[in-house]
Amino acid sequence: MKRRESHLKMAWVWSVILFCVTVCSGYHIGNVSQKCVDDTVVFLTELEEAQPSRYAVLKTFQLASKSLIPPVPPIILPDSKQGVYMAQCFTHTPPDFSVIISLFVCSLLIAIPLVATVYVGVVQCRQWKEIDPWSGTALSTNFNHYGTLMPNGSATTNNNGCIFPEATDSCKSKEDKRTKSNPASVVTAVVQAVNSSAAGLLGAVNAGGNYASLNGIRILSLLWIISGHNLQFSTWNMDNYKRWRERVANNPLYVVAYSGPVYLSVDTFLLLGGLLSAKSFLALVQRADDTISLRLVASFLFKRLRRVQPLHIFIVCLTISVFSMVQNNSYDSITHNELQHCRKYWWSNVLLINNLLPVVDICVPWSWYLSVDFQYYTTTPLLVFLYRRNKFAMSALATILLLISILASAFITATVQLPVHQPTTLDYASFYEYYYNKPWTRYGPYLIGVFTGIFLNTKKSHLLKHQWQAALGWVSSVIVIAALIALSYVLRDVPDQPSIPHAAYQGLHRTLFGLCVAWVILACEEGYGGFINKMMSLKLWVPLSNISYACYMIHPLIIILYNGKQDTPTHYNDINFMYLFLGHTVLSGLVGYVLTVLIEKPYMFLKGLRG
C-alpha cells in the first residue's frame, strides 16, 4: 500500500512538472513572434548607423552559435551569389470592418447582373405568354447582348411579334404551325442567358468589325507584361538574386521578360487606347448628326467608366478581402503593405487618380494604367472637336502636348538621375515616384494612337500606294525598335550627374516605339502587313482579346499570392520561371474568363429594360 501511494505521489509530481514545462514552452512559443519583431526593429535601426553593431548581424541571423544562413564552401562557389534580400516576421492581420465592406461590394457587383438577368427572364416569360403561348422560347446568342438586353437597353422583337431576330425557327413555326410545348422557366432563361454570354466570349468573330490586327498586338503585349511581372514580383524572395541580375542585365534575349526598356508593352496599350477612343468618339458624333455637345462628351466618358470601373473596384475589394483572410508567410510582406494601402487610399482608385499618389501608397499598383488611360481619354473629345473645326489648331495643340511629355520626361530624368534600363529600376524608387506612372510623361503613344484612329476612320484613300513605301516603312520600324533596345543596354549605368543621352532617350523612346506600332497597324490595314498581318489577325486572338482586360487586372494578384505563400526562397533559373509564367498565364486566363462573364460584360451592356 505504501509503495502504491509512493508511485501515485511521484506520478502527481511528474504531472505537475510536465504541466509547468508545457505552460512555459507555450509561453515561449507565444513570444517567438514578438521576439522576432523586436530583433528586426533593432536590426533595421542598426543598419542605418554608419557602423552597425555586431548584434545586427549575429543576433538576428544566428540562433545561439548556429548561423541561420547556410554556408557555401568557397571551393565550390568562390564568388558567392547568395544574399539576404528581405527578412520578415510571421504576422497575421485579423479581419476588420473593411473586409466586411469589401466582401459585400464584391458580392453586390456579381449579384446585380444576375438579378437583372432573372428580371429579364421573367419579362421574357410574360412576353412569351402575351405573344404566343404555344411556341418555344429562343435566347440571343450574341455575347454583346448579355442575357437578353440589346445595346439600346431593350428586348427586341421582329415584325411577326417574335422575341429576337435570331429566333427564326420559332417565328417560322408560328407562321406555319404551332406545336404545343411547355413554357420556358425563368431559371432556364437565366442559365441560357449566362451560357450564351459565356460562349460568345469564345467566338472567333471580331467584335470591332475591323482592325483585326489589334487583337494579336493586344495579346502579345499582355503576355509581355505578365512575363515581366512574373519576375518583378518575385525578386524580393529570390535566393540567387545577384546571379539573376547578372544574367539578365546585359543580355538582350531577356527583353521579352524583364530586361532592357521598361515595359514598352504598356505604351502599346496606351496607343491602342488612343486609337479606339478616337474611333469610338467619331462613331458617337456620327450617330448624333455630326454634332458635338457636352452631353455627348459626358456619355462618351461615362461609357468608359462603365467599361473599366466595375471590374477595377471588384479587384480592389478582392485585394482587401483576400489579403486580410489569407495567412501571411515569411515572404509575404508585399501583401501586408498592399492591404494597408488599399484600406487607406481606396478612394483614389474610385476617382482614377491613384497614379498621382506617392508610389508607396498606391492601392493595386498595376491599376495606375487605368488612371493614366482615363486621364488621357478625356483629351480625345477636344482633339476630335478641333480636328473637325480647325486642323491647324488641332495640330498646334497636339504638338504642345507632345513637347510637354517629351521635355518633362527628359527634364525629370536629367534632374533626378533616373535609369532607363530594367532591372536597374529596382534600385531606384524615384523612377516610379517621379516618372513611370505620371500623366505628363507618357502621353506620346496615346496621342499617336488618336491620330492613327482619326486617319483610319476618315481616310478616303490608302496612304501607301507603292510597295517601296511599305518596304521603307517596315525597314525603318525594325531599325528604330532595334536601336531603342540596344541603346537601353548602352545606357544601363546610371550617371551621377545629369546626362543628355539618358534624358534624350527617356524623353523620346516611348513616342518612337508608339510610331513603330502605329506603322504596323497602318500597314496591316492597307494590305502591306504580309505574314505579320496574318499572324496578328489570327482568329485565335479574338477570344483571348475578349478577356484581356480581366486577365490584366487579376494576374498580379495571382502572382503575389503564389509568391507570398512560399515557405522557402524562390530559386531563379530559366526553366523554373518559364514554368511559372505558363502557369500564371493559364490561371489568369481561366479566372479572367469568369470575371469577364460575371462582371465586365454585364456592366458594359446592361442599361435597364424599357417598356
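The backbone N, Cα and C atoms fix where each Cβ goes, glycine too.
Annotated by TrEMBL as transmembrane segment, the relevant range among 308-326, 346-364 is 308-326. Three or more CB pairs closer than 8 A are found between the transmembrane segment (540-562) and the transmembrane segment (577-599), so contact between the two stretches is assigned (pairs 6 or more residues apart).
Sequence-distant contacts of the transmembrane segment (577-599), counting only residues of its own chain at least 6 positions beyond either end whose CB sits under 8 Å from a CB of the stretch, comprise 109-110, 113-114, 194, 197-198, 201, 223, 226-227, 230-231, 234, 257, 310-311, 314, 544, 546-551, 553-555, 558-559, 562. When Cβ-Cβ distances under 8 Å to the transmembrane segment (392-420) are tallied for each of 308-326, 440-458, 470-491, the top count falls to 440-458.
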